[in-house]
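**Q** Next up is a structure, given as structure tokens.
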Amino acid sequence: MTRKNNCPLNCICTKKMRISSSFLLPLPLPLRCCPWSRCCGMGDFRPRTVWLGHPEKREQRYPRNVINNQKYNFFTFLPAVLFNQFKYFFNLYFLLLACSQFVPELRLGALYTYWVPLGLVLIITIMREAVEEIRCYLRDKEVNSQIYSKLSTRGTVKVKSSGIQVGDLIIVEKNQRVPADMIFLRTSERNGSCFLRTDQLDGETDWKLRLPVACTQRLPTAADLLQIRSYVYAEEPNIDIHNFIGTFTRVGLFDLEVNCLTKILFGALVVVSLVMVALQHFAGRWYLQIFRFLLLFSHIVPISLRVNLDMGKMVFSWMIKKDSKIPGTMVRASTIPEQLGRISYLLTDKTGTLTQNEMVFRRLHLGTVAYGMDSMDEVQSHVFSAYTQPTHDLPASRAPAATKVRKTISSRVHEAVKAIALVHNVTPVYEANGVTDQAEAEQHYEDTCRVYQASSPDEVSLVQWTESVGLTLVGRDQSSMQLRTPTGQILNFTILQIFPFTYESKRMGIIVRDESTGEITFYMKGADVVMAGIVQYNDWLEEECGNMAREGLRVLVVSKKSLTEEQYQDFEARYVQAKLSVHDRSLKVATVIESLEMEMELLCLTGVEDQLQTDVRPTLEILRNAGIKVWMLTGDKLETATCTAKNAHLITRNQDIHIFRSVTTRGEAHLELNAFRRKHDCALVISGDSLEVCLKYYEYEFMELACQCPAVVCCRCTPTQKAQIVRLLQERTGKLTCAVGDGGNDVSMIQEADCGVGVEGKEGKQASLAADFSVTQFKHLGRLLMVHGRNSYKRSAALSQFVIHRSLCISAMQAVFSSVFFFASVPLYQGFLTIGYSTVYTMFPVFSLVLDKDVKSEVAMLYPELYKDLLKGRPLSFKTFLIWVLISIYQGSIIMYGALLLFESEFVHIVAISFTSLILTELLMVALTIQTWHWLMIVGELLSLACYVASLVFLHEFIDVYFITTVSFLWKVTAITLVSCLPLYILKYLRRRFSPPNYSKLTS
């Protein structure tokens, strides 16, 4: 027995059975791996042999069956966190500064001046990482602790998911997730059928029929699995399914931009130090002077920048989680919330993300008459009359003339409903409901105990509709089908042949014999593109199919053909002969079937709607107005994907659509790309196969054309292709991407994108656990981006620039001070003053900028065009950076020169005047920057001022306490502060008066 490559991964297993259980054998490579195993590192996989029920006989040691999403373990946590911190230039620079203070010639003051700020930054970072690791551990523990039943020599025992070993016989109950890669050995259902969902593989939540290994299914009891001496020879794992492409840790674009600015500041630091030494004419031990100036002006590169940004991100993440308008939203990567404010491309899955994967019957069209949701009672009355009036089978010529039209319509409706109730692969399953047990429900066809299972939700919706209008599917096995009429009569049909739906044929058919009349009928349903050439000539099929498709409905054409016994016997003989053919079997079988598919009677059109998630349309409109291009990547077929895109208004009504035809060669791809190039402002729909050919030969040309499209739909995409598209968008455009999905097949795309958003839905939590953010509904994405993303980015930009301004101010003062006193490398402020300036004296007001906002959240949602301004990165750019540098130099110079000009006799008065002016200037600048006041901002301002005034009692070593109580001190500080701040207030007023920003027009 050899494992198939498409063996279900993490799938829900449900059966139409009395005892809901299946016996599965874990294969050698559990799909959840531990961090120490070779499977995580693309090891050398080989085929291997696994003995049934005897894990001790395994040939080699395999990894444990555990999920481990943690970055570190107990031993690697501290070293890894420190390494991740000091591998960046920013933190390494401050570590070297702190270490330099152990050299006597380079020491500028107390050791705590440099080590305390650095230690504070590291402690906060370690605490944040520890909190995230603990949360991750608890999530993993919940999944790994799920209980399963294991068949052993001691009977059935309970085992945790993490305790499952290769070779164990696991009993998977109904509605349980399959915990590893397994082989299906046995089921308690008599005919061995089992329905399961592969939503974690392909994102589809429809039920699929699977059959166990024949020889193990025939065993009398489950215990016999342990008695037979047999083994499974398993081929090497298929990495296309078992491994996802993605990143592990993330560094946001904003952090990279800030890192770039700090490198510029470091360059400025070196230049200023060299200039100071050059003005000394490189006298004496000038090389030591360079190092002393580097330490003296080290404030140019602010050590508190990183810790302020990290704490700000924690606040932004907390705000997202506490937002009552997007309940259930989780932030799993608290390092990149500002990324949400700069998304240019949003790539989304379809099934379960945009849609609910719940099909609803909307329309029945008979050509001359159509029935919508508001007229289904008429259909019900026609079906009822068909089985209650004894003349319903009479030919029209024998019916009274007055009722001829009515009976004709009634007969057509009845034939259409009957065909829909028969041409499908749906199986009714009966379950105990607490009142009726399963056996009794199956025997009496209890409506309350019946559920439908099928490989397609479309088919289930059609059968449920026929039940609602009176014709109910109550029983089915591999050879027969039972329908119940409105009068309670059971109609028995023998299934003679079934021709299943395939992607190539786009249709399915069934031949049944009515046991009551002996009539043989061939029913068929399929897409209009293929059925148009099969049914008899008519003048309404194409037009009505187009009308229904424009309404966003998935259209099927239903037809029938009556066969005589001789016709069927002739067909069966040719069909059997074709299936026994050795050469060209598929072609010969298709040819025989096609001999029946001619001049079929067109019965009706059905319109089914895949219901969208709540508020998908307005959410997509918001994203489009915000300048975000939306691409839909789905594993579904082309017709379904196109229909959903229209229904969700991803493709607008007046927008042209270019359906990229199927290409297999370089020449075909070249011709199709040229045809596409001639189109302008049209949406693109392309299949995964054609996409692969285009990317292989014309990657640059295709991506250039696709990026110009207002919307792109990629269907039949594999998880690897989804990740590849995301990566190509990042490389070709340089823009930020956001990927949204809800299934395991979306994990690769989610982890490859700059921001990954998982939707918690029917397909489990695998996508949400792997994502940076998880939401409960797609509509929450609008507020997540427009409000929280926008605010996080603007606040982070303001916070970072203000921290830089705070550091440059004191550095400018130091430069002026050193210049005046003959370029001496002597610090202006000593000890606690330096630490207090960037902590208790200014920390609260500066950090309160994380609460600032330019517009209310309702305005941001109402005018998504405000989001478009952020895509250019204007809140944090070289222009704004240069403006803040000039402001810092101006204010630092004014404060220092003012203090030197107005001081009286002692140097300590310079310190008192300049430092007090510096503190007041920072507090006033925060007030100038704030756009919407929050009560915590006022508290922060007053608290900082109070801390400074209270600390003056203990700072007599640096400040003359008696001098600061004089009128002379007060007027000098007031004058210097006004000169440093008043011009900026005037400029701000003039700018808002004559060149207001966009948001100010909405808030006025």
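Backbone N, Cα and C define each Cβ position, glycine as well.
Whatever TrEMBL says is automated annotation, not expert-curated.
What you are looking at is a predicted structure, and each value in this text was computed from that prediction instead of being measured.
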**Q** Look up transmembrane segment in TrEMBL and report which of 72-90, 699-717 it refers to.
**A** 72-90
**Q** To the nearest Å, how far is the Cα of F501 (ATP binding site) from the Cα of D746 (Mg(2+) binding site)?
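**A** So the Cα of D746 (Mg(2+) binding site) lies 26 Å away from that of F501 (ATP binding site).
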**Q** If one measures from the C-alpha of D746 (Mg(2+) binding site) to the C-alpha of G635 (ATP binding site), what distance in angstrom results, rounded to a whole number?
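**A** Answer for this pair: 10 Å between alpha carbons.
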**Q** If you measure N745 (ATP binding site) to D349 (active site, 4-aspartylphosphate intermediate) at Cα, how many Å is it?
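**A** About 9 Å separates the two Cα atoms.
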**Q** Can you tell me how many other Cβ atoms are located within 10 Å of the Cβ belonging to D349 (active site, 4-aspartylphosphate intermediate)?
**A** 29
**Q** Could you work out which of the binding-site residues (R554, R716) has its C-beta surrounded by the smallest number of other C-beta atoms within 10 A?
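**A** Least crowded of the binding-site residues R554, R716, by Cβ count within 10 Å, is R716.
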**Q** If I take the alpha carbons of G635 (ATP binding site) and D349 (active site, 4-aspartylphosphate intermediate), what is the distance between them in whole Å?
**A** 8
**Q** For a three-state summary based on DSSP, what are the helix, strand and coil counts in the domain 'P-type ATPase N-terminal' (54-115)?
**A** 32 helix, 0 strand, 30 coil
**Q** Do any of D349, T351, R554, R716 (recorded positions) have a CA within 10 A of D742 (Mg(2+) binding site), and if so which?
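**A** Final answer, ordered: D349, T351.
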